[in-house]
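As given in TrEMBL:
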DOMAIN    13-48  domain 'EF-hand'
DOMAIN    50-85  domain 'EF-hand'
DOMAIN    127-162  domain 'EF-hand'
Amino acid sequence: DDPDPDDGFNYKQMMVRDERRFKMADKDGDLIATKEEFTAFLHPEEYDYMKDIVVQETMEDIDKNADGFIDLEEYIGDMYSHDGNADEPEWVKTEREQFVEFRDKNRDGKMDKEETKDWILPSDYDHAEAEARHLVYESDQNKDGKLTKEEIVDKYDLFVGSQA
């Protein structure tokens, strides 16, 4: 099989990445996955000893210029593609503000490993609950605390762009 096919996947890189993750998950180092080790391999975000690999993989995925940081355009580019559109949806503008105000804590214009970890694996933050509250707040036109089909459809771009 072609290790670099035309579909954009680089299988050699995927193998290197998977091997690195497997070795991290293999706590006893015997190169045989127990049920728990295999679960840690598949769902590393659920295991404290795997969190560094989650951060590393996230940074590798988003850091397109390979400088070891995630800048604002890389951050936005991971969620939204302009595709010739001059006008960005409101949620993209909100994400730009989030990056400047909260993600880039040291205000150097990019996220380092610790800032990325705080973003994707915050210790005291429930992403799902926060995103759900945000979606309801932005979409609930009559402010009754419930979303109707019409309210959701009216703000479909918010839901499509959601990280939930």
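Cβ from N, Cα, C; glycine included.
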By DSSP assignment, list the helix, strand and coil residue numbers for the domain 'EF-hand' (13-48), in that order. 25 helix, 0 strand, 11 coil
So what pLDDT does the domain 'EF-hand' (127-162) average out to? 90
